[in-house]
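Worksheet: the structure to be examined is printed underneath.
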Ligand SMILES: Nc1nc2c(ncn2[C@@H]2O[C@H](COP(=O)(O)OP(=O)(O)OP(=O)(O)O)[C@@H](O)[C@H]2O)c(=O)[nH]1
């Protein structure tokens, strides 16, 4: 089995066989049901098959595809035209498609024809310019070689209109069906009923022979509102399919001598049919493409808004993190510490649990700065902060830089004994860094710690706890530094 993605990546042998068969069938189908007994082509669809293939693969293997459809064109035409005429007309068909494709490429139309701008570029390149150029040549061939006595301009116009409509109807349809739909819509029974009714109406209109019901003429124009509704409800695929079916149906009924536009001369009838099919295309395909573009833009806008919201959320998170972080040490700052202390205080109060605050101060830091310089002092603060953070991470506590060379730690559910052990460990952790301090009696950088433990109640507050911890820190400094002191009960 060839996978869908692989099949549409490059025109492989399977695609080429299918292209040949589809092209051959489309010539036969057109000759069978879209050419009136007077040999007037209402819509010529084979050229759309090659153009859609060239556009779909952006010109990959163009010579091979051209050769295949050229031979299929001659083969299929042989029964209707003599060989030399079939060859010449096939050359003109090929010229028409190639010119349309090159003009489309030059205009920058993208493959899917799903935006109004792309559709307009396609219309100018194919149904207007490419087919007109071919029509002017074909009329000469038909007159000079085929011996057709119809006036030159009439011949050219008939070729032009038939081929232009063929390209206009079938190229967008074939392209729409070679891509998976962007968004599948859920169809309701009402949609299905509407579709069935529209097809019924189309059949009735095509076979009504332009009759009137209660002096109301049953003409194909009745189908225009229906195609607009289909474009609105079902999107490009279904609309192009509907337009194609109606056009082919109309051509078929005309070749079978039904007269959807009443009893009018054949040249006028063909003109009416072509005018009607053109209007059907503009209303149906044009409306579907416009709606599709609007929906695509809406989706693009939605995803862009989503992207921006996500970016904004990330920036907000970053900002929040930045406003809570100390720039020098990278740990929480005083602001965050105050928030945490209030939150933990309330929690401990509600749970009647003890709460511990420890204040830490780097010993003889002024001397360190004076001796080693301010930048070396900054580096010490960073290292001390990391050592303390590693220490509290293990116990699930919270550490912040309180300001200057002071740090603060909050511990939950700690009794006095546990608080003392933890503080001792923090002193040891800083001493273990072994940062030389020539002016300290310990020879290395050390910290002093003051702690206060309390079970919050109505008579105490967080500020009081901090004050007690600060007093204990002062005592630790007095008692020789590099030690931890516990404050008296609050
Ligand atoms: N390098 C550096 N120094 C700072 C920073 N913040 C505060 N300091 C310094 O820290 C020193 C604090 O000195 P003091 O309050 O006298 O205390 P100390 O020298 O540590 O003495 P004790 O606390 O009694 O052990 C001052 O010299 C401040 O300039 C900082 O961000 N970086």
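Glycine residues also receive a Cβ, built from the backbone N, Cα and C atoms like all the rest.
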* Asked: With TrEMBL as the source, which of 38-57, 58-77, 158-177 is set down as transmembrane segment?
  -> 158-177
* **Listed range which TrEMBL flags as transmembrane segment, given the options 257-275, 276-294, 295-313** => 276-294
* **Averaged pLDDT score, the domain 'GGDEF' (353-489)** => 93
* Asked: Taking 12-35, 87-104, 124-146, 158-177, 189-209 as candidates, which has the most Cβ pairs under 8 Å with the transmembrane segment (276-294)?
  -> 158-177
* To do: Count up the helix, strand and coil residues in the domain 'GGDEF' (353-489) according to DSSP, in that order.
  => 63 helix, 34 strand, 40 coil
* Tell me, please, if the transmembrane segment (158-177) and the transmembrane segment (215-232) are in contact, taking contact as 3+ Cβ pairs under 8 Å between residues separated by 6 or more positions? => no
* Where else in the chain does the transmembrane segment (239-256) make close Cβ contacts, counting only residues six or more beyond its ends and a cut-off under 8 Å? -> 29, 33-37, 42-43, 45, 165, 169-170, 172-173, 176-177, 198-199, 202-203, 206-207, 220, 223, 227, 230-231, 269-270, 273, 276-277, 280-281, 284-285, 287-288
* What parts of the chain pack near the transmembrane segment (87-104), using Cβ distances under 8 Å and only residues at least 6 beyond its ends? -> 46-47, 50-51, 54-55, 59, 62, 66, 69-70, 73-74, 77, 81, 121-122, 124-126, 129-131, 133-134, 137-138, 141, 145, 163, 167
